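A quick write-up on the structure given underneath.
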Amino acid sequence: AEVKLGSDDGGLVFSPSSFTVAAGEKITFKNNAGFPHNIVFDEDEVPAGVNAEKISQPEYLNGAGETYEVTLTEKGTYKFYCEPHAGAGMKGEVTVN
């Protein structure tokens, strides 16, 4: 699954913001617009036993085309956000089944 950081028109969103993957399927977050974005999983909004810190990318992806890849193996719903733009609504969720 590929998730864009920033919409094609420059909006501060994850695109798609809600999606489903199979357990063990690789997710690629790709900076689409060249604004600094990061991917932080909410420690209170991941399946029990999952270390949110280990699957997050707190360092900024600054340039267009920069990517962060993560593979989630525990089934359930994971919520994530972009730290600098969470207030603007840059949040998302992935369901692993």
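Every residue gets a Cβ built from N, Cα and C, even glycine.
Taken from Swiss-Prot, the feature domain 'Plastocyanin-like' applies to 1-97.
Among the features that Swiss-Prot reports, Cu cation binding site is placed at HIS37, CYS82, HIS85, MET90. Under the three-state DSSP scheme, HIS37 (Cu cation binding site) falls in the strand class.
Mapped onto three states, the DSSP output places HIS85 (Cu cation binding site) in helix. Other Cβ atoms within 10 Å of the Cβ of MET90 (Cu cation binding site), summed over all protein chains shown, number 22. When the domain 'Plastocyanin-like' (1-97) is classified with DSSP, helix, strand and coil residues number 10 helix, 43 strand, 44 coil.
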